[in-house]
Amino acid sequence: MNALAATNRNFRHATRILGLDEKLEKSLLIPFREIKVECTIPKDDGTLVSYVGFRIQHDNARGPMKGGIRYHPEVDPDEVNALAQLMTWKTAVANIPYGGAKGGIGCNPRDLSISELERLTRVFTQRIHDLIGIHRDVPAPDMGTNSQTMAWILDEYSKFHGHSPAVVTGKPIDLGGSLGRESATGLGVVFATEAVLAEYGKSISGMKFVIQGFGNVGSWAAKLIHDRGGLVIAVSDISGAIRNSNGIDIPALLKHKESNANLKEFQGAEAMDPSNLLVHECDVLIPCALGGVINKENAADVKAKFIIEAANHPTDPEADEILSKKGVVVLPDIYANAGGVTVSYFEWVQNIQGFMWEEEKVNCELKRYMQKAFLDIKGMCQTHDCNLRMGAFTLGVNRVARATLLRGWEA
């Protein structure tokens, strides 16, 4: 099941639980605006090349729209639509004053030089500058983009609108980026994990963890879990998978990764088949990579008691049903990985105030938001007698629906 179909299914299930009006349900599902632009740039050799860029702005009932910009050869409009919609529910679950958006350019950033990427980013910004803005739509980095991409967008946007650091988040610190943004999603995942484990009288210390994906989110989650006494017994990334039943030395692995991209060459663990990672014996499984990795084929073999969805949409709805029957607790992506967008919100607030926070304050506020959101989800689970995913979806959808009704959507 693709990301859009799965998101729509979860949304429809939530609206049925909430008993929402059919017309309102349809209105909430349809994106506010879809933008598609042509971006033609000269390459370094002088030839002209065209790319298609787009931005899907899903909903702005609760505030400016917010979401990443990805540079990827297969930027699929359906997937971007699903991710824009997910951002609407995610910001509502975290209770930050945003709606959802997502965008991208269909290109392979690895095939472009730095100067070509800069030209492409600036042309894209020129095409959409009057449709984004501090109080309209605030982009952020995503797959294939980074803080440098945000710096170019900020600079290009500011040529039209004056200095506007709050127009994008995930910026370099020197241009108004927030301290703590780098570790935010991983730290949010750990706060979410602590909240759900505490519910079952457990803590991270002494639990066995398997982490799929060792990029920004996976590596930060692994480091923070290791610091709290958790045993990370297996990890994987694009280069392969490794395991050590006594716990991998995460600081040593991070040091290894700096000098060698290949996980399998790490001395402190043995290589394993990456396809067995998700069904490896453990207490907590944290998928931090791609969507759809836990599906009806492998869900029955999952041995973890808890799944923390650090990736977007890692569990198919069919797999959800299988896991639910087995009694596996799944903490949904729209809550578990909301640390990134929450600290993006803090960055936006700091930029608007022109007053920057210490990292300790950022992390402290993040913990408060993540703990409060978990309590709110738990409240919805009790009210509607549903699992954590539906608790999160009903919470998010209900907040957006209430805001929409209060603003007077039928006028």
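A Cβ is built for glycine as well, from the same backbone N, Cα and C atoms used for every other residue.
Where the annotation comes from TrEMBL, it is an automatic prediction and has not been curated.
The number of other Cβ atoms within 10 Å of the Cβ belonging to Lys102 (active site, proton donor), over all protein chains shown, comes to 29. Marked as active site, proton donor by TrEMBL: Lys102.
The substrate binding site annotation in TrEMBL covers Lys66, Lys90, Ser344.
According to TrEMBL, the NAD(+) binding site annotation covers Thr185, Asn216. Other C-beta atoms found within 10 angstroms of the C-beta of Thr185 (NAD(+) binding site) number 24, with every protein chain shown included.
All chains included, 22 other C-beta atoms sit within 10 angstroms of the C-beta of Asp142 (site 'Important for catalysis'). As annotated by TrEMBL, site 'Important for catalysis' applies to Asp142.
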Lys90 (substrate binding site): tally of other CB atoms within 10 A of its CB
29
Going by C-alpha positions, which of the recorded positions (Lys66, Lys90, Lys102, Asp142, Ser344) is nearest Thr185 (NAD(+) binding site)?
Ser344
Taking Lys66, Lys90, Ser344 as the record's substrate-binding set, what's the max Cα pairwise distance in Å, rounded to a whole number?
13
Using a 10 angstroms cut-off on Cβ to Cβ distances, just flag whichever of Lys66, Asn216, Ser344 is the loneliest among these binding-site residues.
Asn216
